[in-house]
Amino acid sequence: MTEDFITFIGRFHPLWVHLPIGFLIIAVLLKGYVVLGKKPVLQEAVSFALFLGTISALIAALLGFLLSRSGGYEGDLLDIHLVAGWTTVLLAGIAWWVNKNEHRFPKKLSYSVLGFLVLSLSVTGHFGGSLTHGEDYLTAYAPFWGTQEKSTQRVLATIEEAEVFTDVIQPVLRSKCQSCHRPGKSKGELNMVSYETLLKGGENGPVIISLDGGKSELIRRVTLPEDHDDFMPSEGKKPLTEEEIQWITWWIEKGNADPKISIMEADEDLIEWAKPRLNILGAEKMLAASIDTVYLRTLDKIGFRVRVLSQKTGALDVVLPSEVANGQASELLKALLPIKEQIYWLSLAETGIQDSDMSLIAQFSNIHRLRIENNPISDAGISALKNLSRLEILNLNGTKVSASGLGPLAEIKSLKSLFLWNTSVNPQDEWVVKISSEKVKVVFGA
Amino acid sequence: MSHHHDAPLRSSNRDLQEIEKNMDRRRFLTKTSLGIGSLALGSLMGMEKIFAGNPETPPMLSESANGLEGLPHFMPKAKRIIYLFQAGGPSQLDLYDYKPKLVDLHGQELPDSVRDGQRLTGMSADQSSFPMTSSAFKFSQYGQSRTWVSELMPHTAEIVDELCFIKSMQTSQINHDPAITFFQTGHQLPGRPSMGAWLSYGLGSDNQNLPSFIVLVSKDAVQDQPLYARLWGNGFLPSQYQGIQFRSGKDPVLYLGNPENYDGQDRREMLDYLKSLNEAQFDTYGDPEISARIAQYEMAFRMQTSVPDVTDMSNEPDWVYEMYGEESRDPGTYAANCLLARKLIEKDVKFVQLYHQGWDHHGNLPNGIKNQSQKTDQATAALIKDLKQRGLLEDTLVVWGGEFGRTVYSQGTLSPDNYGRDHHPRCFTKWMCGAGVKPGFTYGETDDFGYNVVKDPVHVHDLQATILHLFGIDHEKLTYKHQGRRFRLTDVEGHVVKGILT
């Protein structure tokens with residue numbers, strides 16, 4: 001009961017602390033005005049503000065002391081904050097005394113006491129903030145020296161090396177849980193920084209029951225309705241996403257909460273989700289080109305229809321309508337070179353492109369779907385396409401290709417569908433039969 | 001910022017009073033307080049344009065109309081969709097959901113344990129007997145997928161290896177209008193935006209010369225149950241996202257040609273002036289409907305050339321008409337609409353919505369469904385084959401189906417050669433085909449009575465979530481704030497049916 005009351009009172013600390021900060025800062029500013037603005041009449045106000053500051057700082061410090069007793073805060077941060085806080089109270093009191101009896105002390109003393117007061121106030125405030133929000137809260141998103149989350153992700157040689165706890169769960173806990181459940185502020189006596197401490201659980205016992213997601217407190221807390229008292233993360237902090245919850249559940253239920261289990265054992269969907277979040281050496285950079293909207297608008301003006309397929313990869317779907325091409329396709333295509341890595345789907349149907357344009361298209365190395373139907377393209381142009389190693393769908397309807405010229409396409413391992421309607425190729429051709437047996441769907445007329 | 005302007009506020013203006021009335025208190029307070037702050041900051045920094053990219057600016061103001069910022073949420077599979085809506089509720093038991101055990105049960109009373117207290121419609125609830133009725137039509141297996149199809153759909157039977165059947169569809173509505181409204185807008189009451197409107201709003205247009213959402217209604221259908229334009233309406237979305245219904249006849253859009261003795265030379269100039277007047281009006285009032293009006297004038301102008309072009313059937317060879325069926329030569333029929341749908345898709349129209357009415361067979365089902373099938377089967381199958389050979393099925397999704405299914409028991413008297421079936425929301429069959437869905441695949445199962453789903457139920461909201469998913473949209477994230485709440489197509493439900501995705 002008394003403990004609850006102490007906690008209740010203590011929790012006014014974060015609310016109250018802003019009051020002394022305000023009083024003390026206005027006192028310093030007023031002092032500046034008195035000296036620089038030559039307004040000695042206001043010296044009285046400085047003293048008064050310092051008096052209020054001292055009293056309110058004392059109350060804040062007492063409340064803070066009560067709050068620290070209610071648990072959940074510990075470690076170096078708390079000690080520094082505590083000492084700095086009391087120092088501030090002391091310095092505020094001295095400053096008040098010195099200013100009240102201004103004529104009895106040298107001016108320099110008054111200035112330096114105020115200087116130290118500001119310093120001590122800042123230190124107290126900063127460590128108080130770090131206690132509440134986490135140590136890297138202030139600098140996490142700083143543009144130049146910030147410890148950005150990415151850098152904490154370890155580098156992996158291959159995806160197979162990735163371990164569920166270290167590479168998937170840990171980063172989730174880091175961003176969503178550890179601002180409260182960490183050494184120095186283990187709310188509910190739960191410290192989620194390492195596997196061992198996580199397994200140990202908190203004041204209500206373990207939070208992870210291996211093989212049983214339903215009984216694991218961790219899962220229960222993050223899947224409650226958001227307005228439930230027990231919901232985590234609490235206090236309007238960003239909740240876990242569905243995939244994050246799925247990963248943790250999978251790890252507990254299927255992975256036996258084994259920290260070393262490989263992520264490859266999880267469902268495909270989950271692996272797909274995790275992939276771009278891992279730091280895999282030499283992997284295709286997922287956060288590839290950013291989308292240059294100004295350039296896309298230029299393409300739009302030329303008459304290309306450009307559509308963003310994925311904001312994440314910068315993948316684009318580009319269509320050159322035949323009425324726009326108007327015999328100029330070869331020239332117009334050059335405008336695509338600045339975005340050549342970003343073109344995933346490309347349609348140049350009935351634009352009049354020829355064999356000579358194929359080498360340019362072959363530079364669009366990320367093409368997955370290519371429509372070049374109804375163009376005067378022959379075998380000579382096809383061989384250039386064999387380097388499109390990500391090509392899945394190729395539409396050659398109404399082109400002049402022949403069965404003998406299609407050979408190079410067999411080198412494209414990613415190819416899934418090939419359209420050869422209205423060409424001289426026919427379904428019985430040996431090459432067609434062979435490639436069909438290799439899981440490429442070859443489509444002729446109905 | 002659109003709500004700050006130099007023009008004096010004329011409160012005597014009736015339009016303005018209307019807008020003031022429409023502006024609720026909270027919105028007013030947030031906008032003004034934000035506004036004062038940003039005004040102050042703006043004048044401090046001496047940079048008027050600093051807030052040019054304000055997110056409060058209605059999205060349709062962006063010139064390219066290329067959809068919302070941040071969409072698609074992930075890599076899409078589909079680029080366009082043709083929705084072949086079979087209005088009235090086709091009988092799954094006579095078309096695709098084969099129930100051999102019903103042959104033995106034919107004429108027997110539907111067990112109460114199967115019906116399980118379900119409330120029936122007023123049309124059959126008072127019947128003294130609910131005789132289970134086996135289909136009068138023969139089923140056979142087709143394709144490599146060995147899919148059961150009734151003899152009513154011989155052409156569709158040829159393409160089953162392209163189709164993904166969902167046998168376990170469910171809806172919460174039991175009457176036509178609420179059920180169709182539910183399918184198309186995610187809610188049984190009118191007023192929400194339709195699926196096509198949501199897609200246009202979220203993803204924009206792929207062809208600025210044509211509407212991104214076009215509706216074709218068969219003229220050769222039995223018009224037993226009405227359709228309303230709100231089924232392709234924009235609801236509370238800005239009105240340029242509504243579906244544009246083409247007329248079912250020779251001229252799909254009227255008055256595209258210029259009147260006699262007018263060469264149309266100065267129309268562009270006229271529209272430019274009109275646009276500047278409308279823009280001035282928009283600057284004063286900030287009503288998004290003014291932008292919608294501007295967009296629609298411009299679209300109409302471009303449609304003067306694009307529509308005659310895309311609806312010109314003269315360059316289609318005879319074999320195409322033979323494939324779709326002879327009725328396809330008669331504009332406005334279901335067959336002709338299927339062909340037109342292909343042509344619109346070729347021009348990158350995002351959403352082509354067909355409606356074919358007349359599937360509401362409460363009585364005389366065997367005859368009725370035979371006629372319906374004859375009118376739609378060949379053209380439907382032809383559309384799929386045609387899209388496939390052109391390579392368009394790779395990024396086009398086709399959906400076939402109605403608003404609910406039909407009961408296993410006969411409505412009215414069951415006679416040796418005649419029966420009827422009432423509305424049945426608990427199970428029915430839809431099929432999808434093309435971009436991103438498994439070909440030659442059947443998902444979900446109903447019980448031997450064809451009454452309840454026993455495996456993998458798919459609710460209407462699930463289907464909607466799945467369609468949006470194929471377009472790269474997270475159905476929970478495509479929302480629009482209206483009357484203080486964020487709305488979405490799937491309301492507060494919907495799960496992507498991962499089992500049917502490739």
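In case you wondered, yes, glycine gets a Cβ from its N, Cα and C as well.
Per TrEMBL, the feature domain 'DUF2231' maps to A:12-132. According to TrEMBL, the transmembrane segment annotation covers A:15-36, A:48-68, A:80-99, A:111-129. Taken from TrEMBL, the feature domain 'Cytochrome C Planctomycete-type' covers A:177-234.
Residues 20, 24, 27, 31, 43, 46-47, 50-51, 53-54, 57-58, 60-61, 64-65, 68, 105, 109-110, 113-114, 116-117, 120-121, 123-124, 127-128, 131 of the same chain lie 6+ residues outside the transmembrane segment (A:80-99) yet bring a C-beta within less than 8 angstroms of a C-beta in it. Counting only same-chain residues 6+ beyond the ends of the transmembrane segment (A:48-68), those with a CB under 8 A from a CB of the stretch are 6-7, 9-14, 16-17, 19-20, 23-24, 26-27, 30, 78, 81-82, 85-86, 88-89, 92-93, 95-96, 99-100, 128. Long-range contacts of the transmembrane segment (A:111-129) within the same chain: residues 14, 17, 21, 24-25, 27-28, 31, 64, 77, 80-81, 84-85, 87-88, 91-92, 94-95, 98, 137-138, each at least 6 residues beyond the stretch ends and with a Cβ under 8 Å from a Cβ of the stretch. Sorting the domain 'Cytochrome C Planctomycete-type' (A:177-234) by DSSP state (H, G, I as helix; E, B as strand; all else coil) yields 16 helix, 2 strand, 40 coil.
Assigned with DSSP, the residues of the domain 'DUF2231' (A:12-132) fall into helix, strand and coil as follows: 108 helix, 0 strand, 13 coil.
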